[in-house]
Ligand code: ATR
């Protein structure tokens with residue numbers, strides 16, 4: 001049994017134990033994957049105790065994804081670029097922070113749309129979620145990546161920070177015509193869809209929400225009003241889990257099969 005856990009606060013609704021149980025069944029690799037409720041004040045100590053007692057790997061979720069970088073000695077290149085980590089693993093006895101969220105998004109969009117080469121992706125939102133997926137999308141061959149946000153200065157800051165030719169600011173006045181329109185705002189958690197210019201929907205972009213379940217419903221409704229196809233981020237969640245599972249066990253798993261089982265359960 002490989003001891004694994006997910007740390008967060010709140011944690012009781014995390015689907016990760018179920019997802020990793022599906023990967024374990026699929027691969028025959030036995031894992032003991034637990035939920036650990038970790039309030040801010042005790043998170044660092046709980047994490048240290050977990051690895052001291054033989055923990056082999058962990059997922060990190062809200063609100064610790066950014067802070068965990070300061071607590072660990074080693075940070076992978078992609079976690080450093082994202083400014084956040086969702087996966088911890090052991091290498092030569094040292095805990096390494098990594099980030100599989102962007103890889104999860106790319107895997108799921110590829111499942112839904114085929115290779116992303118040459119596509120124009122527009123992301124609405126300029127917080128941590130967006131920061132984490134910019135580099136993986138560019139590496140997947142996206143030819144244009146536009147970033148919009150309610151507070152435009154924050155989107156401009158991301159464009160400036162990454163300094164990549166394919167990256168541009170999406171202002172409400174510009175005609176955008178994206179192939180894929182991603183909602184990476186936190187608005188769904190307040191029951192709202194982000195306010196978006198009607199023009200951005202005229203080419204009927206494929207719409208994708210990084211949230212899943214109830215939080216994705218407002219954007220789903222908006223996409224339906226604009227006659228656009230829409231998918232929530234459950235596939236991304238399962239795909240980032242698959243990437244983490246492989247890091248911990250060196251075994252490849254089929255995230256689509258696990259996603260299908262999970263959708264049957266929900
Ligand atoms: P995360 O780590 O999930 O990205 P975050 O860093 O707090 O969370 O960023 C939240 C993002 O959601 C921001 O882009 C925020 O827009 P602002 O920068 O203008 O605050 C966006 N957001 C939150 N509520 C929103 C709403 N009701 N409409 C549009 N955007 C919203």
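Keep in mind that glycine also has a Cβ here, set from the backbone N, Cα and C atoms.
Residues annotated as domain 'Shikimate dehydrogenase substrate binding N-terminal' in TrEMBL: 6-88.
Neighbours of residue 101 (shikimate binding site), defined as other CB atoms within 10 A of its CB across all chains, total 28. Residues or ranges marked as shikimate binding site in TrEMBL: 14, 15, 16, 61, 86, 101, 212, 240.
For the recorded site, residue 65 (active site, proton acceptor), the DSSP three-state label reads coil. Sequence-distant neighbours of residue 65 (active site, proton acceptor): residues of the same chain at least 6 apart with a C-beta under 8 Å from its C-beta are 84, 85, 86, 128. Here TrEMBL flags 65 as active site, proton acceptor.
If you average pLDDT over the domain 'Quinate/shikimate 5-dehydrogenase/glutamyl-tRNA reductase' (115-189) in this model, you get 96. The domain 'Quinate/shikimate 5-dehydrogenase/glutamyl-tRNA reductase' feature in TrEMBL is assigned to 115-189.
As annotated by TrEMBL, NADP(+) binding site applies to 125, 126, 127, 128, 129, 149, 150, 151, 152, 153, 154, 210, 233. DSSP assigns residue 127 (NADP(+) binding site) to coil, not to a helix or a strand.
Counting residues of the domain 'SDH C-terminal' (233-255) by DSSP class, helix then strand then coil, yields 17 helix, 0 strand, 6 coil. The annotation domain 'SDH C-terminal' is assigned in TrEMBL to 233-255.
Each of the binding-site residues 127, 233 was scored by the number of other CB atoms within 10 A of its CB, and the lowest score belongs to 127. Residue 129 (NADP(+) binding site) and residue 15 (shikimate binding site) have their C-alpha atoms 18 Å apart, to the nearest angstrom. Geometry remark: residue 150 (NADP(+) binding site) versus residue 16 (shikimate binding site), CA distance 31 Å. The Cβ centroid of 14, 15, 16, 61, 86, 101, 212, 240 marks the shikimate site; residues of that chain outside this set whose Cβ lies within 8 Å of it are 6, 19, 59, 237, 241, given in sequence order.
Non-local neighbours of the domain 'SDH C-terminal' (233-255) in the same chain are 2, 4, 15-16, 19-20, 23, 26-27, 29, 31, 56-57, 59, 86-87, 89, 98, 100-101, 103-105, 107-108, 111-112, 208-213, 216, 262-263; each lies 6+ residues outside the stretch with a CB under 8 Å from one of its CB atoms.
Over all protein chains present, the Cβ of residue 61 (shikimate binding site) has 17 other Cβ atoms lying within 10 Å.
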